[in-house]
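Peer 1: Structure provided below as structure tokens; questions to follow.
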Amino acid sequence: MAALPRLVCVSSAVLVVWAGFCSAVCVEVPSETEAVQGKDMKLLCISCMKREEVTASTVVEWFYRPEGGKDEPIYEYRKTNHEFPSRFSGRLQWNGSKDMQDVSITVLNVTLNDSGIYTCNITREFEFEIHRPLFTSSRLIHLTVVEEAGEDFTSVISEIMMYILLVFLTLWLLIEMVYCYRKVSKAEEAAQENATDYLAIPSENKENCAVPVEE
């Protein structure tokens, strides 16, 4: 039994290491597709690399296509950041990560004219000893800019469920309190009745109630 605490400590350490490893895992989360006029909008573009693909040079190209128009370059990362002259001049901010798995950009002070299709092209050249293969991927973001933020249906449902849960828990607590109060009251009444019955017994009968002691 003395080895049990040591086993628990080892298992806890393994869980901590495992949790730390899992927290660093890259997840390709899709970008939001609705922006509010006058706010900043992050165009999320994530392309996860495997462990054996870490040594790679990455080139990122961002394009914008208005309704019924053609793709036009707006931003590029090729060892350094470069912003092309466009309607977004001075309103684009690089939000990529150091490992170049997250290559997102942010549009500052979004306008209604910023609605359209944004394309994120990623090209990676892997630095293997024998060959240098290329990997390309593309992400499309259909962005719609609105004047005011609409009510999020999911948040409304969450709030309703929260209030329902609070009401249910309050009622359950009240029921438990009433049940416990009635149970304690019955126990006190029973004890009082037993004490009253005992006092009502004649003194000679009380002596007979005593348990005889064996010699």
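Easy rule for this one: first residue shown is 1, then count along the chain.
Note: Cβ is positioned from N, Cα and C throughout, glycine not excepted.
Automatic prediction, not curation, is the source of TrEMBL annotations.
Remember, it's a predicted structure, so these values are computed and weren't measured experimentally.
Reproduced below are the annotations present in TrEMBL:
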type	residues	note
SIGNAL	1-24	signal peptide
DOMAIN	5-131	domain 'Ig-like'
TRANSMEM	160-181	transmembrane segment
Peer 1: Below 8 angstroms Cβ to Cβ, which residues of this chain, lying six or more residues outside the transmembrane segment (160-181), approach it?
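Peer 2: Sequence-distant neighbours of the transmembrane segment (160-181): none found.
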Peer 1: On the DSSP side of things, how many residues of the domain 'Ig-like' (5-131) fall into helix, strand and coil, could you say?
Peer 2: 25 helix, 45 strand, 57 coil
